[in-house]
Structure formats: C-alpha cells, structure tokens
Amino acid sequence: MRANCSSSSACPANSSEEELPVVLEVHGNLELVFTVVSTVMMGLLMFSLGCSVEIRKLWSHIRRPWGIAVGLLCQFGLMPFTAYLLAISFSLKPVQAIAVLIMGCCPGGTISNIFTFWVDGDMDLSISMTTCSTVAALGMMPLCIYLYAWSWSLQQNLTIPYQNIGITLVCLTIPVAFGVCVNYRWPKQSKIILKIGAIVGGVLLLVVAVAGVVLAKGSWNSDITLLTISFIFPLIGHVTGFLLALFTHQSWQRCRTISLETGAQNIQMCITMLQLSFTAEHLVQMLSFPLAYGLFQLIDGFLIVAAYQTYKRRLKNKHGKKNSGCTDVYHMRKLTSSKETNAFLEVNEEGAVTPGPPGPMDCHRALEPVGHITSCE
C-alpha cells in the first residue's frame, strides 16, 4: 500500500475501475472549489474582519493570553479527545476512525470569525485564537494524532500538510494586518468595510456549502454512522467550549467566542491531509466525513446566529417598551405639574385683581395650591 500520495492521480489504481474515475473527478472538483473559493473567501473576509480589530485590545490578549489559553485547551484538548471517544463509541473502522480524529486535531477555521462577528463576540480574541491555533497545529496535530491513533495499527504514515498550514497563516495574518491598519487610520471607512465584508462572507459561506454538496455527491456513501458523528461532533464542540469558558470565569462575550472557535474546524486542512496520506480506495470511505462535518458546522453556526439575533431583538423590544412607559409617565407628570402651575397662577391673578385687604378665606384659597404642589413633589 502506497502512502503520502500528493494527489489522487498519483495513487495506485488498486480500486475498481468504476470507483477510480469518480474519485478522480470528485478530487479535482473539490480541489478547485475548496482551494480557489476558500482562499478568496479567507483573504477578503479576514481583511474586512481585521477592520474591527483594535491594536490596544489585541495587544492585551497577547500580553495576558488567558482567553487564548482556554481556547487552545478546547481546540487541542477537548476536540481530539471527543473525536477519539466518538470513534470508540461507534466502533468505527480504523480508516474511518482516523478521519474523525484528524478532523478533531485540525485548528480552527475562519468560519468561526464571521459567526463571532454576527453574535457580537470578541473579534480580537477570535482572530487571535484562529492565528494561534493554526501556529500551534504545526506541533499539536502530529502529537495528538500520535497519542490517539497508535491503537488502530495503521499501515501507512500520515502526512501533516505543513505547506497548507503555512498558506493558511499567510492568508490569515496579512489581510488582518491590512485591516488593522485601515481601522487605525480610517475608522469611519473601516465600519463600512466591516459591514460589507460580513454580508459578502455570509454569501461566500453559502456558496462553498452548496458547491461542496453538489460537486461531492459522488463521494457520499450510505454509512449513516459517519453522518451521525459529523452531525453531533460540532455540537459537542460548541457546548463543551462554552461550558469550559464559563467554568474558567470568562465573560459572556468570550464564552460565545470560544464556543464558536471550538466547534468550527479547518475543513480544507483535513481534506488535504487525507489526500496526502491515503489511497483513492480509502478516500472513498473517508472523504464524506469532512464534507458532512463542514456542512453541519455551517448549519449549526447559522442556527446559533439566528437564535442570538432573535434573543437580542426581543431584549431590545423589551427595553424599548420599558423606556416608552417611563417616557409616558414622565410626560403625564409634566402635564399634571403644568396644569397645577396654571391653576396657581390663575388664583394669584384673582387675588391680585381683588381690591382691599385679603380676608381669611382669600388667604386660605391662595395658599392651598402651593401646599398641593409641594406635596406632589
């Protein structure tokens, strides 16, 4: 069995003649979609999101990296361990189990950044976590895979896509740096760029999801087990990431950020690693998992954003009704006070017109409105 194939065309034709052309076509389409579209999406998206980053806040996260440390613990502690437990619990084959484990060991993807923006999360922390997890993946990915995969007795060596990690870092840091500079020099224009980038990023996410599903229809198999794991895996990541952030006394804003960063993985990096390490015969059984995971993590992200925006809108309407009620009470009290003041002035005018010294009844009637006004206040 040959390993470390750089592309599907370099792998031996040890599968059936009917399977191999389908696999080659799928791999070529996937490489085109996930490389070109994802690279363009990452560059434009990270530039626009970089316009929301403030140098002072970013430096505070780097100087006191408590939030980043919690995020890295979720990324390379909880996710690989969860992947291992899922593979054991569902009694997966070694080839399928390694696909689940590789997904759990991948760093966070840029999808989490756009979702963090839509839930009013900490953008400085989100971008810092994505960058740091990508850098840490250079060492943590092989370490985690070695610790968890030794019991499955794989015959081939796994190839870590270091080149892909380097490209991800370049596409992440350079656009963000330009966005930070734009936000520093032109803060008003950066807000406009940020809004446009958020809308364009959402559209591109939908395009990637639809294109991936349509073009990879030949690689979807009938194994319901992998589809089930790909559905619950990102949900577990979101929930455990939120709970760990809450347990470490992070703010609600950081809890939302760490939750989204934990459940969102770099799908392209997982697919690249599978293509570099396995033959076309095994890829037929493995490639459906990262594609399904990417689809479900998009669905989960949109559901989280929709739930948060609905909650935010209801909370805003509730506060609006309270403020409206307070305003009505204020106007009523002001109107009542105005009427009492006019009555007082009318009484004074009558007293001023009446000739002669005032009698006891006139003094009592003139002083009555004053006492009434004082008691109301």
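Yeah, the Cβs are placed from backbone N, Cα and C, and that goes for glycine too.
A TrEMBL annotation is a machine prediction, not a hand-curated record.
Annotation comment: TrEMBL describes 32-53 (among others) as transmembrane segment.
Look at TrEMBL and you will find 65-92 (among others) tagged as transmembrane segment.
According to TrEMBL, the feature transmembrane segment maps to 98-119 (among others).
Panel annotation: around the transmembrane segment (131-150), residues 65, 68, 71-72, 75-76, 80-81, 83-84, 97-98, 101-102, 104-108, 158, 160, 162, 165, 168-169, 172-173, 176, 261, 266, 269 of the same chain, lying at least six beyond its termini, place a Cβ under 8 Å from a Cβ of the stretch. What TrEMBL lists as transmembrane segment is 131-150 (among others).
Summarising the annotation, TrEMBL assigns transmembrane segment to 162-184 (among others). Beyond the transmembrane segment (162-184), the same-chain residues lying 6 or more positions past its ends with a Cβ under 8 Å from any Cβ of the stretch are 39, 42-55, 58, 107, 110, 127, 130-131, 134-135, 137-138, 190, 193, 266, 268-269, 272-273.
The transmembrane segment annotation in TrEMBL covers 196-218 (among others).
For 224-247 (among others), the entry in TrEMBL reads transmembrane segment.
Among residues of the same chain six or more beyond the transmembrane segment (291-311), those with a C-beta under 8 A of the stretch's C-beta atoms are 103, 111-112, 115, 118-120, 205-206, 209, 212-213, 216, 219-220, 226-227, 230-231, 233-235, 238, 256, 260, 263-265, 267, 270-271. Among the features that TrEMBL reports, transmembrane segment is placed at 291-311 (among others).
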